[in-house]
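Copied over from TrEMBL:
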DOMAIN    36-123  domain 'HPt'
MOD_RES   His75  phosphohistidine
Amino acid sequence: MIEENEQLSLETTQTSIRNENNNLDHHEVILNNYRKKLNDSDYKELFINTVPIDVEKLHLEATNKDFHSLAQTAHRLKGVFAMLDLEYLRENCEYLEDDIKNHNELEIKERINQLDKWIRQLL
C-alpha cells in the first residue's frame, strides 16, 4: 500500500512538472508573439510610455480601494490591449473589471499582479 502511494505521488509530481513546463512553453510562445505585435505596432512608444504608468495606478487604486478609478483604469488598459490584439491581457482586464464590480479585493490584487508581470516581461 505504501509503495502504491509513493508511486502515485511520484506520478502526480511528474505530471505536475510536465504541466508546468508545458505552461511555461505556452507562456513563452504567447509572450514572444506579443513582443512581435508590439514591436511591429505604430503604438509601441505610446504603450511603453503609458501602460506601465496605468499598471502602477491600478496598484495604488486597489490599495486605496478606489473602485471607481480602478474600473476606469482597467477599462482604459483593456482598450489598449484590444487595439494591439493582446487577447490574454484584454481578457485579464475584462475579468478584473468583473472583480472590481464585485469588490473582490483578493482577485483584484492577483489580476493586477499578473498584468504587472506580463507588462514587465513585454518591455
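Using N, Cα and C of the backbone, Cβ positions are placed for all residues, glycine too.
Values in this document were obtained by computation on a predicted structure and should not be read as measured data.
In the domain 'HPt' (36-123), the DSSP tally of helix, strand and coil residues is 75 helix, 0 strand, 13 coil. Using a 10 Å radius centred on the Cβ of the residue listed as 'phosphohistidine' and all shown protein chains, the other Cβ atoms total 14.
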